[in-house]
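Residues or ranges marked as active site by Swiss-Prot: Arg145, Lys169, His238, Arg241, His264. Summarising the annotation, Swiss-Prot assigns active site, O-(3'-phospho-DNA)-tyrosine intermediate to Tyr273. For 1-84, the entry in Swiss-Prot reads domain 'Core-binding (CB)'. Residues or ranges marked as domain 'Tyr recombinase' by Swiss-Prot: 105-286.
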Amino acid sequence: MNHIQEAFLNTLKVERNFSEHTLKSYQDDLIQFNQFLEQEHLQLKTFEYRDARNYLSYLYSNHLKRTSVSRKISTLRTFYEYWMTLDENIINPFVQLVHPKKEKYLPQFFYEEEMEALFKTVEEDTSKNLRDRVILELLYATGIRVSELVNIKKQDIDFYANGVTVLGKGSKERFVPFGAYCRQSIENYLEHFKPIQSCNHDFLILNMKGEAITERGVRYVLNDIVKRTAGVSEIHPHKLRHTFATHLLNQGADLRTVQSLLGHVNLSTTGKYTHVSNQQLRKVYLNAHPRAKKENEI
């Protein structure tokens, strides 16, 4: 990559607080774009709309999903927007390109009994389970992103208010409450997890060596929990975020509150979590519709 692209990625990291996972996606998108430029003997600075359309066709020829193509085009559009702030002679060749529509999907989530099974796996008070349990509790109890989790400092935990302050996208702070189970797991972790008692930094979630855990480390921990849990086959940090939102909405939380807890700027982003289980739909219907039950069933 050239120095402009490297500066762009650094800006996303420092000023927009992008997670390492998101930054890696942006970097991969730029690398693939550079390979196309080299293959077609094109220059970054003279790349134009016609070339952008050819690149779109190139992406589809690689049998990529529409969501992947959409993200890659969005990356390049954002990159050129950044470059335009540095050089007034630069024109964004992707600004007029029709964005491929994303496939609609329902976010995956765990049912409550599946969450109980996961927590049961880490209930024994071993040193590793103390750490694993606090990761699981915080992600499920607060719905925070894994990038927010790994940056929590001990001083960000407020035991008086029972909540945590996290730094979200765009470096925006928000306070998220947690419940009694999560509080108990944090207290046990701080009191009995030996690496945190001897470390020389303030990060809350550590690996077994006493270093601040990485996003990859969190994914490894979650995958390990799943391997030890019968009846649960797949997990990723965002699935716990989906679960947090789904369970709140299923129990009657309003969309605006969930939006605030998740740190979403737009309500439409939160709206994708309004899917509910068939059981919950039937429960609401039976309680709300005048002719859902016969008189002898009431």
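Cβ atoms are placed via backbone N, Cα and C, with glycine included.
Features recorded in Swiss-Prot, as mapped to the structure shown.
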residue : record      : Cβ within 10 Å
Arg145  : active site : 22
Lys169  : active site : 16
His238  : active site : 14
Arg241  : active site : 22
His264  : active site : 19
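Secondary structure at Arg145 (active site), taken from DSSP and collapsed to helix, strand or coil, is coil. Annotation: His264 are the active-site residues among His238, Arg241, His264 whose CA atoms are within 10 angstroms of the CA of Lys169 (active site).
Reported as a whole number, the C-alpha separation between Arg241 (active site) and Arg145 (active site) equals 7 Å.
On the 0 to 100 pLDDT scale, the model's mean across the domain 'Core-binding (CB)' (1-84) is 90.
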